């Protein structure tokens, strides 16, 4: 262990140095501990949720980066206090160290707990021993933290994996976006799994375990590490190679954190479900192992398609989307030395001619050949101002990777099994120099859907679950869509509204970056139009459905009146057929009829029976007509995805048919 | 609409608020000025008699639809005796039964009563029904209900006619509430049935409950009882729903006064206006029902008396006059029996508001809906045929003011019977 520590240190320093030149000096971990609510770690429950989502999103990115259909397994194992103690007990040395802090802190904590419970969170950050202490005080008070407990969260993927040497640095150091370009990314903060690592450090102090293997690698890297928060370097416990007999590729992360399953159970399941909607090409296996077996839970969100959206491309900034700092950063990082190629290469929507025009516009002190590094602060301000005022072409949506109408549709059908679904993908739009694409789906009916409007929001292909009220999608669906005009009842129908927005920059609002504000008219308009397009499709289907329903009810509605009519007619017939002498005045054609009525050969029952068969005949005629009009199908056809089997299977017989080939397994 | 009118009448019973202390004096003065203009009753009577005589002398137009040779053929119904109605129904039922037994289902050919199928014939001065008809099939989801109701109504009417009894529309509805669901449906089908059979609704032995009242110099025999309408107290005689039972009308009246609503009718009845100026006063209390229209027509044709209309100065008053004169669209198939041509508009006319110095607080501003109705009326044929009417209506729409008959009460409750009407008669101020 000593050895591994020594090995990690120089690397850490080098990375830290690189950071310093670009970024602020404050340790990202420190910043996080002060502002953990903005990163989604408000309380233990939400921390558990955020940990899961960070790990899942990392795993998805990893698989997608090598164009592999993701298979992701998430396991949350609840750890009882005794087990947790035993786990800490294993790490003897550290516990001795911690014990000193423990006693010192506990006195202070006890006082503060009486005054204010919220302060507890801060104490957590101090040391791993806090966990032990709190357990004790909990035992005494029996309240305060409610169901807070410890969880081992494991996330296994079939992604790219990490190379053996890179593992400590990739996970053990909080790097803050040194990303050079601009790209549609899943993460909201660019911190990914490192957040979960910090949280584990803060709440339990237990190190994280990583198993990883890259393609064609004959060993599995195993690494156990934790984080030195203040120095922002990994603290490696174990780093070794283990055999990989099955040729496994991917990564598995295991963190032990404090959390709360009871209160965030539905959120986590909801998240997985919505992830299933937006990523139908991935397979998720989620299991929860509780303290008692009866609480165990396993959900499988199976793959429904093998069409994957392309990996988002990195793109350059649009001139209207940069600020002064960013221009300075681009200048310092750019490979281009001269001003004109710098403008041309580092930004989208500026070609050579336009770069020259821009330089000419800024005055004689600017020359195409001048060195960008020589630009003074004032000159950069001038450039920035011009970027703001000048007119540029909109950036294209080429760099974006929406889920795709096909996938969204499959996802909705897979997870909700609605009666009807319509999807729409809008064209790329622009907001403050960032391109965005809005995709929408509207479903009706389905399982586990409440009556009324159910909103499902996605930003850059991850679900948004919190702070729904102020979101642009919620506002649009509730206030600006006139559901009635699409023959949809806003209160009674089970409406699912799915809106996915992808962009190089999602304009999040709120502390936790949990919703998209309603104040950006470009986005609001795009969302509304996408939803309206879905509704128009649905309306057509609903009208057709209505007709089909009417057709089914026609016979019943017609038959309902047969008794009334027969009785009324027979009543008159009976009177008319009474006096024989009167009969001739009705004309010769009715004599036979009157005779039969008088002889009781024609009765009310005869009329009823004749009418019933007539209604039946008309109904079948109408059904035929309806079928020819609507092309014999009542519901729209849909593509079926069948899972491909591995090629190692042996097949005995092939049954050929114009549509498909059936292969029968050979008995093994 | 009847309810709305009623509500308005109730309001009018209260004293008109906001009249300043000065107001009543000035109004009294004005009222007095008009009263002074009145000549002795004898002189007024003389001129009215002349008018009445003129009306009696003019040969009433007896042109019928058949005489006109119109381009499009029209549907009209006639009064049939119960025997013929029974026979007609039996024929239809037999045809239906035959069709059912041959396995073809059945249906009815029902003349359309929609407004697209209505035609105003200026020569006759009434609305008639064109010949468009639709076939209502039993085996059709949109018409099955109506067809079923029609069959049931046919049977019920058959029963009524064979038993020679009369029931009200309400009675008819209650015989099969489960099928009819609401009275509106059975009423509509009843009109369809009379259209289909080509007879008037009264021939079907179904009547509307009585609504209209008559009082004044009229004597008639109803089902063998002699009725003297001068001895009917202030309430008047309810107009019998069944016009067939009204016979041998006699009268020494000089004119018929048609009043839009109850309140004015009561005033005139209580003041025994018909004794001062021999006349018959009739009202249907708002929108006229079939019985009142039939009764008015019978009076007009039997007694050859001129008819003077006293209605509110608003678009609805005019509409009511139009229903008496040209018929309603709903009953246009029977317009020949229901309309009373040549009703003179006595008042209250928009020009009267200024002429009779009706105080501001008694005039009401017209609502947007009122103005719209007024403008629509300007396009109606029955208004357009008379320039004077057009002028009055234009004035109403322009001033955007309306007034009810009760506005005259601001000069005293009896102003209507003691000053306004005599003065109108004296000046022969009708159009």
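Glycine is no exception: its Cβ is also placed from the backbone N, Cα and C atoms.
Feature annotations, courtesy of TrEMBL:
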- A:1-12: compositional bias 'Basic residues' (COMPBIAS)
- A:1-21: region 'Disordered' (REGION)
- A:58, A:157, A:178, A:179, A:187, A:188, A:189, A:190, A:191, A:192, A:193, A:194, A:513: ATP binding site (BINDING)
- A:395-554: domain 'DNA topoisomerase VI subunit B transducer' (DOMAIN)
Exercise. In terms of Cβ proximity below 8 Å, which binding-site residues out of A:58, A:193, A:513 neighbour chain B?
Worked result: none
Problem set entry | Spatial neighbours, same chain, of residue A:193 (ATP binding site) - Cβ under 8 Å, 6+ residues apart | A:54, A:55, A:58, A:171, A:253
Exercise. Including all protein chains shown, what's the count of other C-beta atoms within 10 A of the C-beta of residue A:513 (ATP binding site)?
Worked result: 19
Problem set entry | Around the Cβ of residue A:58 (ATP binding site), the count of other Cβ atoms that are within 10 Å | 23
For this session: In three-state terms from DSSP, label residue A:58 (ATP binding site) for me.
Result: helix
Problem set entry | Assigned conformation of residue A:193 (ATP binding site) - DSSP reduced to three states | helix
